[in-house]
Amino acid sequence: MRTDSKTPLLDTIATPTDLRRLKESDLAQLADELRTETIDAVSVTGGHLGAGLGVVELTVALHYVFDTPHDRLIWDVGHQAYPHKILTGRRDRIRTLRRAGGLSGFTKRSESVYDPFGTAHSSTSISAGLGMAAATTLSGGNNNVIAVIGDGSMSAGMAYEAMNNAGAMHSRLIIILNDNEMSIAPPAGALSAYLARLVSGGTYRTVREAAKQLGRHLPHFIYDRARKTEEFARNFWAGGTMFEELGIYYVGPIDGHNLDHLLPVLKNVRDFKETGPILVHVVTQKGKGYAPAAAASDKYHSVNTFDVVTGVQTKPKANAPSYTRVFADALVKEAERDDKIVAITAAMPGGTGLDVFGKAFPERTFDVGIAEQHAVTFAAGLATEGYRPFCALYSTFLQRGYDQVVHDVAIQNLPVRFAIDRAGLVGADGATHAGSFDVSYLGILPNMVIMAAADEAELVHMVATAAAYDEGPIAFRYPRGEGVGIELPQIGEILDIGRGRIVREGTTVALLSLGTRLAEASKAAEQLASYGISVTVADARFAKPLDLDLVRRLAKNHEVLITIEEGSVGGFGSFVMQALAEEGLLDGTGLKFRSMVLPDTFLDHDKPEKLYAQAGLDAKGIVAKVLATLGRENEAHQSLIA
């Protein structure tokens, strides 16, 4: 063991098997060292810090008590999984988190056998764990299944659906409720820890079950009164009535940072073989053990690289405001003139910019929790009463409320405004957070209008257009990160629905862009001029309805028409192809049509600009596509390697 190391005990741990060889008295030191290593690693890579620091002791205890990976351990969302990764054979790569070719910022099945289920979106762990538990029963296995879920994730309906099913199935599933917001119970003390150890023990549960069997032979009113007395006494001290009503045996709350409390309870839960789900309620603190993160958990939930000593984060100087901030400021200006404008977010006020709107109009701002289905239908309800709701969600999270978009909004043609943030590729969070599919899945819906901002000034216009549009649902999408630095209008212009614009006139090739690929299309046009190719560049603005006049003009007046978008197959390019086919513009006209979309694969984490280059959606890729389409393959190849 190295004597000069800051983490001498952790240095001896390659896998949880090594951890389980330690004495219990060593675990507190191991937890301290694991916390130190987590802080140091995230200071280098950036990422989700506070949640991981809050579960260090819990992570150590779970891997010590349970036989992972034979016992399945699922981390809901995965923000808190960095300490888990360090203990499960990935410490040597922990400083590659969220970088190209490095570790994912979430749990990932292809990364480790210790990650039995991939996560990133919230509230999935209980459902997945219940499926694993049912499979264990069917196959006659004996492994435990443990799902760790935070109290924030418990606001999603999926978690309650899973718990309701778990209680009815009587499958053996262990749920760890990580309460790090004090939203369910106050801090746990010695008495509650003692009671948790008592009621989780085999003796108590065996006697309780025997009493139930005996009670069934007593007169009903006596049995019922005894049952209620026992439940009242236990829940008075420990809480958990709601879980018991769902058929889940509740234990807790206990201090999630006290190993002397955690270990005996987890051992009792592990060793008692009665079927049925168990929930262990642990109370933790986000950012535990690192003063800057503990003092400002919201600011240290997700961080840039930072100085470990001071906690000061490294933030590159912005060259332009972010699209998110431009949206927020534009919405505030619209709301100053229209008191019917309201805003809805699903537990992401800061991420969507609605914290800015909330400061200006707190009574008109609704944070509904991690509940996208509810958010969409809640917005629909507001729309029925004459309000103008803006439902601001990340593209990837809007997927979670898709049936509500179809059934509650589109079919009823209600004027809900969808502000779709993080459209396109997002970078370090990878495939789970990419906004690749919204144009495809919204564009097939009757009544839906879809816009995509080419730059931040266009976004201001689209906010104004959405605010003024009362004929039905309307969506506008925009990416993560900074704008291009264009001057912003003071007041947004209301755009003509379904009308695009020409930004550069040419004669041979037409590039029809949707969204922020417009800048790359314009660069490509400049480069293609050196090849003697005259290029028209157009901004579609609308994916639906299409500007058919513009499409006809581009198709009839050019040899080549190429659509470019930051989305998957089945989106804007497919809509244009359908229109061309219906108009007969592909019938022996000689037009060469191509569609540039994201590849039919899930792209891993990297910087967005590198991912777009990988997908061929940068200026170099567009130049190569044009040259190849014109039959100049050698030049196309040379342009890519230049």
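The first residue you see is number 1, and the count goes up from there.
Cβ atoms are placed via backbone N, Cα and C, with glycine included.
Annotation for Asn180 (thiamine diphosphate binding site): same-chain Cβ neighbours under 8 Å, separated by at least 6 residues, are Ala51, Gly54, Gly150, Asp151, Val283, Thr284, Gln285, Lys286. Annotation comment: Swiss-Prot describes His79, Ala120, His121, Ser122, Gly152, Ser153, Asn180, Tyr290, Glu372 as thiamine diphosphate binding site.
Sequence annotations record features per position, and here Swiss-Prot assigns Mg(2+) binding site to Asp151, Asn180 based on sequence analysis. In this structure, Asp151 (Mg(2+) binding site) belongs to neither helix nor strand by DSSP; it is coil.
Neighbour counts of Cβ atoms within 10 Å were compared for the binding-site residues Asp151, Glu372, and the top value is held by Glu372. Within 10 Å of the C-beta of His121 (thiamine diphosphate binding site) there are 22 other C-beta atoms, taking all protein chains into account. Around His79 (thiamine diphosphate binding site), the C-beta neighbours below 8 angstroms that are at least 6 residues distant in the chain are His48, Ala51, Gly52, Gly105, Phe106, His301, Ser302.
The record assigns His79, Ala120, His121, Ser122, Gly152, Ser153, Asn180, Tyr290, Glu372 to the thiamine diphosphate site; their largest pairwise CA distance measures 32 Å. Applying an 8 A CB threshold to same-chain residues 6+ apart, the list for Gly152 (thiamine diphosphate binding site) reads Ser122, Glu181, Ala347, Gly369, Ile370.
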